[in-house]
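Heads up: the structure comes next, in C-alpha cells.
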C-alpha cells in the first residue's frame, strides 16, 4: 500500500530532576551541597532515508516519544541525557506543524535531518543555589518538560519527469512501455490512485525516474477527484509529459482537455504551470486518430508546445518523447545548478510559544499571579521547605510581584495563587 500523508504526535523527553544531596566524606565535616543536575531530555529527529518509499508505518503507529533525562546524582553527578528519537521517513517528505500549517522542513536529500521537538532542560541540583547567606540549600529544580506537537507528514514523489493527463488517457500503459514498471491498467477512470515509478534508460549512464501520477480532472486545484494528491506529487518533477487522447474514443475534446488541465496546474501553483511540458498525442493506432491529430497539433503548437504523435499500445513514438524529455531534464538541472551529491542539511524547528506578561488579578477573593517567567519558576522549584520558599519569595520580590500586590490593596493573610501553588501573604 502506498501512503503519502500521515498525521502523528511527537513528544521530546522531559529533563531529569536535579537532586538535593550533601557531601558525606569522612574527613570533610562540612562538605556542603553536592546535588547533581538532571540530564537533558532526548530530541525528536526526522531523517530522510532513500530506502523508504511510503509513509505506511505511520498509519499503524501515531505516537512517538523520546527518552527522558535521568535524575542527577550525589557528589555533583550529572544525570544521563535521554536518547534522541530518530524517525526515518522517505526522501521527499515535507513536515508541517499540524496546528499552524507551517512547513517545518522539506527533506528532499538523502540524510536530511529535522529536529522538530527539543528535549527539556535538566533541573539544577541544590549545589547551584548555595550563597553566602544560604549555605545549605535543601531544594532543587525539577526538569523542564520536552516539546510536544502534532505534525503532518506529506510525501512528494521524487520523480524527474511526470506523466500528466485526464484519467484513462493511457498514462499507465505509457509507463509500462517506457520502463519496467508494472502499474495496474484498466479501462476506467482513476485506475491509478497512487504514483507509480519507473526508470527510463536512454543510453549507458543516462537515465531518469518517470512517474505516472494519478489522473487529474477539472476542479483538482480545489481538491476534486484526486486533485490535491495529484498536484502534491507533480510539484517535485522537473519536466512534464502531458498525454492526451486524440482518438475521440472516449467522447472527449482533446484541445479542451489540454487547456483545462493546464488551468488546474496554474491555479494550484503558477510555478507548476511553468515547468517544461511535452505533449504526447496518444492512441494514434485507433481509426480516425490521424484526422483528429492534425487539428490538435495545429492548435497546441500555437500555444508554444511541442507535440508528438504516439501509441502507448503499440509503442510507436514513445522513444522520441523520452529522448526529448531527457534533453529538457538536463537543461533544467543545469539551469537550477542541481548537485547530485549535495550534502545533507539539518533543519531546526522551535515551536513558537506565547509569552505572557506579568499580571495580577483578584478572583473570588484570591490574588492570581500569571506570566511566563513567574510560572516557569513556580513549575521548576519544589516548594517543600523554608529555604525553597524563601528563594521563591526573593524571586517574586525582584520581579515586582509584591509591589503589584500592594498596589491592589493586599492584606496580611490574603491568599496568593501561582499555577497550583497557594500561600498566605504577610509583610
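Glycine is treated like the rest: Cβ placed from N, Cα and C.
A quick note: this is a predicted structure, and the numbers were derived from the prediction, not measured.
Positions annotated as GTP binding site by Swiss-Prot, on the basis of sequence analysis: 165-172, 190-194, 212-215, 282-285, 311-313. Look at Swiss-Prot and you will find 172, 192 tagged as Mg(2+) binding site. Residues or ranges marked as domain 'Obg' in Swiss-Prot: 1-158. What Swiss-Prot records for 159-330 is domain 'OBG-type G'. Annotated domain 'OCT' per Swiss-Prot: 347-427, in sequence order, evidence recorded as sequence analysis.
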Item checked: Residue among binding-site residues 168, 172, 311 with least C-beta crowding, 10 angstrom cut-off -> 168
Notebook entry, point to check: By a simple count, how many Cβ atoms lie within 10 Å of the Cβ of residue 171 (GTP binding site), its own Cβ left out?
Noted result: 30
Next item on the list: List the Cα distance (Å, whole number) between residue 165 (GTP binding site) and residue 172 (Mg(2+) binding site).
Entry: 11
Checklist line | Three-class DSSP secondary structure - residue 172 (Mg(2+) binding site) | finding: helix
